[in-house]
Amino acid sequence: MNWFIDAGVMEQKSGFLGDKGKCWLWWAEELSLRGWKNHIYCHYFGSKKIRETWWRKLLFLWVVGWLLGSLWIFWFMYSQAVEKRKETLASMCDERARMLQDQFNVSMNHLQALAILISTFHHAKEPSAIDQMTFARYAERTAFERPLTSGVAYAVKVLHAEREEFERQQGWTIKVMYSKKQSLAAETQEVSPVQVEYAPVIFAQDAFKHVISIDMLSGKEDLENILRARSSGKGVLTAPFRLLKSNRLGVILTYAVYRRELPVDATSHERIQAAIGYLGGIFDVEALVDKLLHQLACKQSIMVNVYDTTNSDEPISMYGANITNKGIYHKSSLNFGDPMRKHEMHCRFKKNPPLPWLAITTSFGALVIALLIGYIFHATVNRIAKVEDDYRKMMELKKRAEAADVAKSQFLATVSHEIRTPMNGVLGMLQMLMDTDLDITQEDYVRTAQASGKTLVSLINEVLDQAKIESGKLELEAAPFDLRAVFDDVLSLFYVKSQEKGIELAVYVSDRVPETLIGDSGRIRQIITNLMGNSIKFTEKGHILLTVHLVEEVMACSLEEEKKGHSLYSLSGYPVIDRRQSWANFKIFNQDLPGFQQILSSSSSDLINLIISVEDTGVGIPREAQSRVFTPFMQVGPSISRIHGGTGIGLSISKCLVSLMKGEIGFASEPQVGSTFTFTAILSRAQANLNEYKPSEFQGMTSLVIDHRPARAKVTRYHLQRLGIQSELAMDLKDAIPLIADRTQLVNMVLVDKEAWSKNADLWPLFMDKLRKEKKLDTPKVFILANPCNSARNGSANSTEYGSTVIMKPLRATMLLVSLQRAMGSGGKDNFQNGVLPGLCLSSLLHGRQILVVDDNIVNLRVAAGALKKYGAEVTCADSGKKAITMLKPPHKFDACFMDIQMPEMDGFEATRRIREMEANINDRIKHGEISLEDCGKILHWHVPILAMTADVIQATHEECLKYKMDGYVSKPFEGEQLYREVTRFFKSNTKKIQ
């Protein structure tokens, strides 16, 4: 309908709808909601007559109607409250009646069981197995099973012919039931007169021993109870009466004891003949009901009365005071098992019902709301017009905000470029200054300036990463890399700081983790650097351990260190946090998730799910600060930034990077114990390994590792296995000596932790002598693994007395390889690949290479040219993209080109695009024979490697470089390691294309 009403549509359609069409449009407008709204508002509410006349009548009817309505609401809600109060009282009363009845039934059942016990062990055995003492003790100990009974007693059936013999056996005479006027003393009671049958009490609970020898048939009510109980075979209750001792109301429950088990359909005569005794239970009704009611939380909210209503005209009150209040009350029936007696429980609220405030406030509120609706209706029209104006203003502000966001991103990109460009010059010139002859003071100044510059660049990177995360522009690369080499680089980064603090650094990667993975190695390095950097800051003693496993290993609980104690089996002996707590809340470990089975089978697919932990023994994180650990720009306290520095966004960035890797991150920390941060990441399995080089001279060798800490020995074995060396582990010298004496096993080297060396210092001369005697022809080399602390360095001199070599921790494959080669005299220092010094390989890669450097900034040209000339390259400079196009027009002499991206007139992307077009054109002409090989430099396919140089870390992404067919990119200011990584990749992969 609104579509027809739209003015533009009406104007466009009116030309071909005709008169009938216009008529339909007019009716549509009249019938539409928008039309009626405008019509009513303009015709009525804009009329002065309605405002003065009809509006008053309408308002009066509105007020009267809602006044009546509010009265109806009050009556309805009040009646509902009364009914609810009745239901509540009925529920509470029935609950108490049910509890009282249930406990009474429990007591009845136990009394019946006691009657069977007496029949079995007193009457069926000769002599009897029960006497007064046994009965009293049993009754006292089982009193908790009869919660409502005050006491029990047993009376035996005695005929007149048996009386004399019975009294002689018992040692007392049968006495009549005492009256209220008589004393409770036995000597004041009268002897029972002659009658056909007696029922003297022979057993009684200690509290009721005074009833022993009393004939229960001499009392009127007891006589009736006994006669009814033995003829019916069921429990029989007396009417309420005052107990003599307590003067409280009570009843007696009587059970008949039979000589034998009677059939269900036994007659009354058969039951009377078989009866041999009577068991009675005394119930103090007032005390027991009061005790029961006090067990309920709401015992004070209602008043309870219990009545014996056997005689409905004159009910007997068993519990509670007489109530004259005629308010709401409820009756609940009680069934105590005796069909001849009826009982009821009457309940009333103790307090009068409160005023129905809910009904009053609701009805009054409804009236107030109704009165306000009229005012709201009038105000709404004015409000709509104002909202429309506000909406137009908001849309305009939204456009401004979007433009401001774009401007912010552009501003960050520009600021990034403008700051990093001079920083590139500063750091580059400082690096070139470091290569000159400097005295010690000058070199210290230069290193300080260089460290400050790197810190500033790191801070800029963090802020820009946070900006990219907020704008959603942060993307990950996917390239093959060696995870173990990345972690070795991170350890090298923190080597100096760990030495200064005396902290032991270590890394362990599970054997099940592939050597080569596909992912963003730079971002993984950034996450690990952030985590280990925090650990270094807040750890003063102990260790920092980096571990990597597959998720399925953790799910299968196959980690040995998780099964053992923390302090004894930790890396340094200090207690650590149970690392399982750091991943306890990970969704990936929820077996109910749909992808759980896929995770378990990830080993057979191309996806690799890693779980990486960084464990430290630092000061820990206070519990009150743990909730804001991953909040950007938030730190534990204001003093942290003053003491340790930092912006507080490293962990926030790490969390976002982990999310991009489809993983999770968590931590567990305890003050003064340490922290453990754990994250997962999903990477891909590379089709081919990067061929980590294992020197042939170490293949097949066997080493003996002596270390009393299993976790530390495991790390040492991991690094030796990377070099192809098999390892045997020994906890101490006692375990090592038998391995040395074993002539069937060749040991090529012995690696001893310095702590284990110092622990058994007295035994080492004996061990070394044993080593020389057993291995005369080929004595194994002995290496001491020392921690970066003063004690280790001071003690290393003693170890050289036995011809051993000291290897400083943290262990890395390249460093360990160099140490072994030097000590064992095999190979040189430069025949390894992973983690080598970039300068060594850069010199071999760049020596004699013709490199073109393109940058509009003269300082950057000098820095880039100086860095490349340092490694033996022949460098030619160009200050614009147009000159680069002219110089790279085939045929040319250049082996590679370093291209700045942001340049005036023509940026690096456009220049690269034109260079690739020229190369494609000449390659096509060569393919079709239009140009001879001599004219194009005897090269069949032209493709010069172009490496992007940029200070804009937001726009210069790897994907954008590939879009313009660049071979890679490096962010300014670049360093030797970064330059080596990129140059190695494109020279190895693309140099062949120029040949």
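The backbone N, Cα and C atoms fix where each Cβ goes, glycine too.
In TrEMBL, annotation is done automatically, which means it is predicted and not curated.
Here's what TrEMBL has on this protein:
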- 126-346: domain 'CHASE' (DOMAIN)
- 414-685: domain 'Histidine kinase' (DOMAIN)
- 702-824: domain 'Response regulatory' (DOMAIN)
- 850-987: domain 'Response regulatory' (DOMAIN)
- D753: 4-aspartylphosphate (MOD_RES)
- D900: 4-aspartylphosphate (MOD_RES)
- 59-78: transmembrane segment (TRANSMEM)
- 355-377: transmembrane segment (TRANSMEM)
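Among residues of the same chain six or more beyond the transmembrane segment (59-78), those with a C-beta under 8 A of the stretch's C-beta atoms are 356, 358-360, 362-364, 366-367, 370-371, 374. Each of the modified residues D753, D900 was scored by the number of other CB atoms within 10 A of its CB, and the lowest score belongs to D753.
Across the domain 'Response regulatory' (850-987), DSSP assigns 58 helix, 24 strand, 56 coil. Spacing of D900 (4-aspartylphosphate) relative to D753 (4-aspartylphosphate) is 50 Å (Cα to Cα, whole number).
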